[in-house]
Amino acid sequence: GEVIPVTEAPPATCQAITVRLCIDLPYRETILPNSLGHKTQHEAGLEMHQFAPLLKVECSPHMKPFLCSVYTPKCVSGKPQPPCRTLCEQARSGCAQLIRQSGVQWPESLKCESFTTESCEETGDSEGSQSQPDVEHASQLLVTRAGISQSRAPAVFPRQVQPGKDESTTCKPVTASFCQGVGYKTTLYPSGVLGFNLQQIGQIVQTACSPHVDILMCRVAMPECGSGNESRVKPCRALCEKVKKDCESTLRAKRLSWPTTLRCENLPQTDCIQGPPAPVTQAPSGTCQPITVPLCEDVSYANTVLPNILGHKSQEEAGLVINQFFPLIKVECSPQLKPFLCSVYIPKCVSGRPQPPCRTLCEQARSGCGRLMSKFGFPWPEALKCESFTTESCEEPLLINIPGTCQTKTAPFCRDLPYTEVFLPNGLGHKTQEETNLALNEILPLVELGCSAHLKPFLCSVHLPKCVSGKGLTPCRTLCEQARSGCEPLMNKFGIRWPENLKCEAFTTDSCEE
């Protein structure tokens, strides 16, 4: 392709490198702006940190030198040394397969064809001599750590239906009588999403013009709380079109009109709500029995009852099936996976009946492990489809309910916060403070930019949760939302998404302090 010359920056002053990822390079000084237009090392470091997972899995020994040559270029006679095209091609070649498996593309701004070979230095490195990284380990790191950014998916609702800025961010009970029994109990918008008239919605639902009219209308006017904007909690386009067709003559006869802000073509076609949640068959009242399946012996409850919702009549039978998930639990792709699986196969015994699985817990487990499973050709099991469950049995525990220990806080990042004892492993699966330090260092540039005073306390509450009565205090949802609100505009500017594993909707307000 055509070689695009790199525009040289005007003369400036060489400065010592401070970007953490680049401080151990053969050169010690850089100069800005770089070829991407970053004017400060803070700015360059913030964008560069999206590549940290690739550097950790070492898919190519050339990746780090190349990235640093772009973001913190070597200062030569008061000018930035242009990136080397050959180095770029070696880095891209080594990491291409892993990047492709992760569902992202090599950034257009780092296109190797944009660089020249004029600044390339002779090297004895041979790409072929490098051993290939362990793909499973690499995939796990890329799945479980926030890192490589992907472009945001477009909103599926039309603009008029988007929630108003002044809406509260606290889940509230669904109080509308016509939306009872639709599979969820809480919403962010008990008075209705901006653009919908609840009186009109209620009148349409009460006509019973279609078997699932209540599910469609309630889910668009008072969407389910706790799962953010993911399409799988929204009604499907096909459901909308069917209800609209079914109701056309009835609405005309009753002089009612279809909501102008509800346009079926803007609803998702997959991973969405197609009808009522599959009913959880209520097992006849039975006898609670101590859990004997080894995989579930350390969950937060001690007794189970069978048959479970999948029809297993004994713990031996359920245990044989749940053990197929042992490798997935072992790689710790989600701390929610084990509690979820046990809630399905070895359900909690409540008054002689099995407690139904929690949909939110399922979604958290699937979010953490689904991509890793698909990378190795295993889809999320149809029998464990989260849309089959409801949020009615979901608990919002104040304390992290996984086995662990309290220990004195030593991590420098969180040393100045007003508690001294922390609980590990945390909700992200980090088992040591050294592990949490590595994860926190990736976010350090964002903290240093001061986009939100709430960011550091929130990050510490997730990575090094306060120890209370031998358990970890769960992160505060409000604190998360304050941090995200302050920093997301800056992150968006650099094409970085708020990490999926720090999704505010996964936390509760129960642990929030005044």
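One is the number of the first residue shown, and numbering goes on along the chain from there.
In case you wondered, yes, glycine gets a Cβ from its N, Cα and C as well.
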- Task: Among C247, C333, C342, C349, find the residue that TrEMBL gives as the disulfide bond partner of C296.
- Result: C342
- Could you tell me which of C75, C84, C88 is bonded to C112 by a disulfide, according to TrEMBL? C88
- Just the number: how many Å between the Cα atoms of C504 (disulfide bond) and C467 (disulfide bond)? 21
- Item | Mean of pLDDT values spanning the domain 'FZ' (166-275) | 82
- What's the CA-CA gap between C362 (disulfide bond) and C342 (disulfide bond) in angstrom, rounded? 11
- Note on the structure: Long-range Cβ list for C296 (disulfide bond), cut-off under 8 Å, min separation 6+ in sequence, same chain only, gives T304, I322, K338, L341, C342, Y345, I346
- So for C88 (disulfide bond), how many other CB atoms are inside 10 Å of its CB? 24
- Task: Fill in the CA-CA distance, C406 (disulfide bond) to C349 (disulfide bond), as an integer in Å.
- Result: 29
- Query: Within 10 Å of C240 (disulfide bond), Cα to Cα, which of the disulfide-bonded residues C209, C349, C386, C480 are there?
  - Reply: none
